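Enquirer: Quick paste of what TrEMBL says about this protein:
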TRANSMEM  A:9-32  transmembrane segment
TRANSMEM  A:59-77  transmembrane segment
TRANSMEM  A:106-130  transmembrane segment
TRANSMEM  A:142-161  transmembrane segment
TRANSMEM  A:191-210  transmembrane segment
TRANSMEM  A:239-257  transmembrane segment
TRANSMEM  A:320-338  transmembrane segment
Amino acid sequence: MNTKSLKGLAIPLVSVLAGFIVGAILMLIFGYDPIQNYQNLLVGSLGGVYSIGETLRNMISLILTALGFAVASKAGFFNIGGPGQYLIGWFGAIVFTLKFSHLPAIILIIGALLCGALAGGLWSMIAGILRAYFGTSEVITTIMLNYIILYIVNFAVKGWLASKGSDSSPNITSKANLNTPFLQHITDNSTFNWGFFIALAVVALVWFYFNKTKSGFEIQAVGLNESASQYAGVNVKRTIIIAMLISGLLAGLGGAIDGLGNFENISVSNNLPNVGFNGMAVALLAAENPIGIVFAALLFSALQIGGLSISVYSNTPSEIVDIVIASIIFFVGIKYAFELMAKKGWFNRKNKVEKGGAEK
Amino acid sequence: MSLTTILMTVFSTTFVYAAPLIFTALGGTFSERSGVVNVGLEGMMIIGAFGSTVFNLTFASTFGSLTPWISLFIGALFGLIFSVLHAVATVTFRADHIISGTVLNLMAPALAVFLTRVIYEGKGQTPVINQSMGDFTFPILSKIPFIGKVLFTNTSLVAFIAIIVGILCWYFFFRTSIGLRMRSVGENPAAADTLGINVVKYKYMGVLISGFFGGIGGAVMAQSITLNFSASTISGQGFMSLAAMIFGKWNPLGATGAALFFGLAQSLPIIGAYIPVLSHVNSVWFQIAPYAITIIVLVIFLGKAVAPAADGQNYIKGK
């Protein structure tokens, strides 16, 4: 590993450590045992084939929503619409599977995933178009679009997919399930599914897109300096729309995979799916680097899955892991504080790595 | 139902649903007028709702019918303390405002439900409060023919207070020197700084006041609508208040008006069933109306020019 990436790692690592310390302090204050709980968390997330399967499965949507957030972010946009795009992707995949259940399995699955991804992409593209042509803040429009789609999906599920009096759609046909008997067998009946490999492939694709294609380069150029890119001949409006489209495609794919591989149906919900917001957290921790996103997703996924067993083995509320996650992002956000500390020589005694990272 | 009764129902439900939005949207104007973008209003409401509910449950026997009103104040304090996170992150440590606001929204439900489980033996929701904000009938005003019945009978007192607070906030921003200074910090911090205005102090003030009002908003929600606290007590009201603030062009009066309008939209699915014309309209339209209207208004009337000029930028002295 070269020194440059080591420097980039300092802030996330310090933030993760600080987040865990905050969690530990909070547990101590309320009389819970942090060491025991963190141990349960580790065992609950990575301590066996089943829990590893669950943790990897939970990574899928985190990776994809994080990638979605990262693509928009590289273009300079804050796409808070992840939850809504994930939801419409989930909905689209379920609708396709239910309506075309006679198709052969492979076509059914591909169709459903594409349908979900496309739904997410088009939904997100609305914000892109408004941003490109009217200068409307994408932060506001994506927040508004989140709630609009929440109510539309609820309405469609209840009034169209679900049978009378029910709040859930019927289950999809088992041939469309990404969680096959083979995978269940090798992971002790966990919900681990083929979507994980799709997510990893998408990570590689997004990396390739950013580093090796013209369009990916243009997105980053617009993110760095809109007017300079325009002057250099980049079609800024088109680039903005493409960035938001891809961003939504990825979040929508996340929802579609979870729909087919994990939920197998869709229900009326009072709240937006949390995964969209957690995906943002993953992307922020990874500083929007596609490879970094895989590791950040592993960390947050392990926290979430392990958090479930925290409350099983002790009376510690499992919300402690969400507090740790929020704290980590808080520390990532205030990296200037670390720069200040580095400037005042707080880290000198330890090593140069942290100081270097602070000067990034 | 007679016309008077229908109108009375429309107004009173609108007021009940608008009150939390008004307070929170006003909070938003304070933060953003001082130049700090606040997407964390939802989180501030959650903390306010939590604090007020716990206080209400604990002290209902001591304070009797005064409890919900004191609870509002406690909720406000909780919101204020919580907003210190946002202020420290954005003003002192130059964090991205949207990231910091997002942290607030991630942290608030986690922290509040965690504490709820600590206090109420592992349960994720509190018991229902006994002392809630009930209907209020104004003593003299309600005697006015027609209007008295429609506007001032069995209505929400706290909503009227919210509207008055909205007017006071407008007076603060546009008629007092402190308000002018706060606005100047949001428009051009460097210029404000050269005039000797303490930029950091005003930004802190803006964010903390927004936490205070956001806390009240959440408390009103818990004390008058949900009557307990759980993870779903606040579900989108903070974002709706943010929309109201933008819809109202970052102006306290505009924000108040927009919040009243959104309150009407929220109450329509409930009262729609009683109104002949509306009973056939599906409630999904009323649910999405506030959000869709905000987008349309933004696109048609605003663009992005109306927000305070330096909203969302960190002020770094000497740059």
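Even glycines carry a Cβ here, placed using N, Cα and C.
TrEMBL does not curate its annotations; it predicts them automatically.
Quick one: how deep are these features, and who are their neighbours?
Expert: Counting same-chain residues at least six beyond the ends of the transmembrane segment (A:106-130), those with a Cβ under 8 angstroms from any Cβ of the stretch are 68, 72, 77, 79, 81, 84-86, 88-97, 100, 136, 138, 141-142, 145, 149, 173, 175-176, 178, 198, 240-253, 255-257, 259-260.
Long-range neighbours of the transmembrane segment (A:142-161) within the same chain, counting only residues 6 or more positions beyond its ends whose Cβ lies under 8 Å from a Cβ of the stretch, are 78-81, 83-84, 87-88, 91, 94-95, 98, 123-124, 126-127, 167-170, 266-269, 271-272, 276.
If one looks beyond the transmembrane segment (A:191-210) by at least 6 residues along the same chain, the residues whose Cβ comes under 8 Å of a Cβ in the stretch are 52-54, 56-57, 59-60, 63-64, 67, 70-71, 74, 113, 177-180, 183-184, 216-217, 219-220, 246, 250, 253-254, 257-258, 260-262, 290-291, 293-294.
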Enquirer: Among the recorded stretches A:9-32, A:59-77, A:320-338, which has the greatest number of Cβ pairs closer than 8 Å to the transmembrane segment (A:239-257)?
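Expert: The listed stretch sharing the most Cβ pairs with the transmembrane segment (A:239-257) is A:59-77.
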